Amino acid sequence: MAALPVLAVTSGEPAGVGPELCARLLARDWPARLVVLGDADLIAARAAAVGSPIAVRHYSRGQAQAAGVLEVLHIPLAEPSDAGRLAVGNARYVLALLDRALAGCVGGEFAGMVTAPVHKGVICESGIAFSGHTEYLAEHTATPLVVMMLVGGGMRVALATTHLPLAAVSAAITRPVLEQTLRILHADLVQRFGIAAPRILVAGLNPHAGEGGHMGREEIEVITPVLDRLRAEGLQLVGPLPADTLFAPHTLAHGDAVLAMYHDQGLPVLKHASFGGGVNVTLGLPVIRTSVDHGTALDLAGSGRADPGSLYAAVELAVSMAEARARQPR
């Protein structure tokens, strides 16, 4: 019998909902060994505060898994943390969780990582430039390009651009970037989703996919040449498709993933279908990383009302991706 994959789950911003959501991982049986990274006392206290006390055991790599306890790789807080109240002094603690999870993934200790939400603002206030998990992990693995993909509602939606002003999107979609984005998406669908010959639906940038150049020429000058080049190599790419009809069920049924050109072209449909249960996946990294699709929810922290659905879905997807990768030929 194959050993269960071991996943690192970072508990995120200590003032947010991450610690209590991680404690609720004990409510399910998982086809994996889950190791929560964080301050063990904080996680136990936050679970007790919301009326769900748990048993915590400090994680050791050589130790056998135990039932009914939450394994925590203890990383101490820099200063005490109260639910709902950010503390700049804990910014480095939050990044230490990521650093340890990443080191474990790169070194083979963990099969992947699942990240609870962090608060970008408080990290930046501490004097550390930080724009998000995705960029941080890319920088620390020397990965030149990563691709953001959301999974939920029966859809996989990747983005050619992410957090850019709409006015900057067109200039950011170049032939080299689009080509590499599609290569990454294709490769990870094969290697980490177990889809032997993925079919990718590619959105146009402009209304009606440019209407033959009358509503913009990006489809003619950038998108179509890239698709033609990659089709010649055997990739199954459909498009550029008008985004207003791409998400119709009969169109989605013929694809394994969608590549949208910008954030608000692709994600509103997916979040409408899966809000609270979606998963953010970073493609192109040398490690598996999934994340919840929500923020720190400081207003809910400590109340016991935070929904664990997205964290559960992120763990489920990370397990599936780890299993698919393990099946790939060495």
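Using N, Cα and C of the backbone, Cβ positions are placed for all residues, glycine too.
Note that this is a predicted model, so its numbers are computed, not measured.
Positions annotated as substrate binding site by Swiss-Prot, on the basis of sequence analysis: HIS133, THR134, LYS271, ASN280, ARG289. Taken from Swiss-Prot, the feature divalent metal cation binding site applies to HIS163, HIS208, HIS263.
Here the C-alpha separation of LYS271 (substrate binding site) and HIS163 (divalent metal cation binding site) works out to 16 Å. Cβ packing within 10 Å was compared across the binding-site residues HIS133, HIS163, HIS208, HIS263, ARG289, and the lowest neighbour count falls to HIS163.
In space, HIS163 is the closest of the binding-site residues HIS163, HIS208, HIS263 to THR134 (substrate binding site), judged by Cα positions.
Calculated from their C-alpha atoms, the gap between HIS208 (divalent metal cation binding site) and HIS133 (substrate binding site) amounts to 34 Å. Distance between Cα atoms for HIS163 (divalent metal cation binding site) and HIS133 (substrate binding site): 13 Å, as a whole number. The separation of HIS263 (divalent metal cation binding site) from HIS133 (substrate binding site), Cα to Cα, is 17 Å. Within the same chain, the residues at least 6 positions away from ASN280 (substrate binding site) whose Cβ sits under 8 Å from its Cβ are MET148, MET149, LEU150, THR290, SER291, VAL292, ASP293, ALA314, listed in sequence order. In this record, substrate is bound by HIS133, THR134, LYS271, ASN280, ARG289; the longest C-alpha to C-alpha distance in that set is 20 Å.
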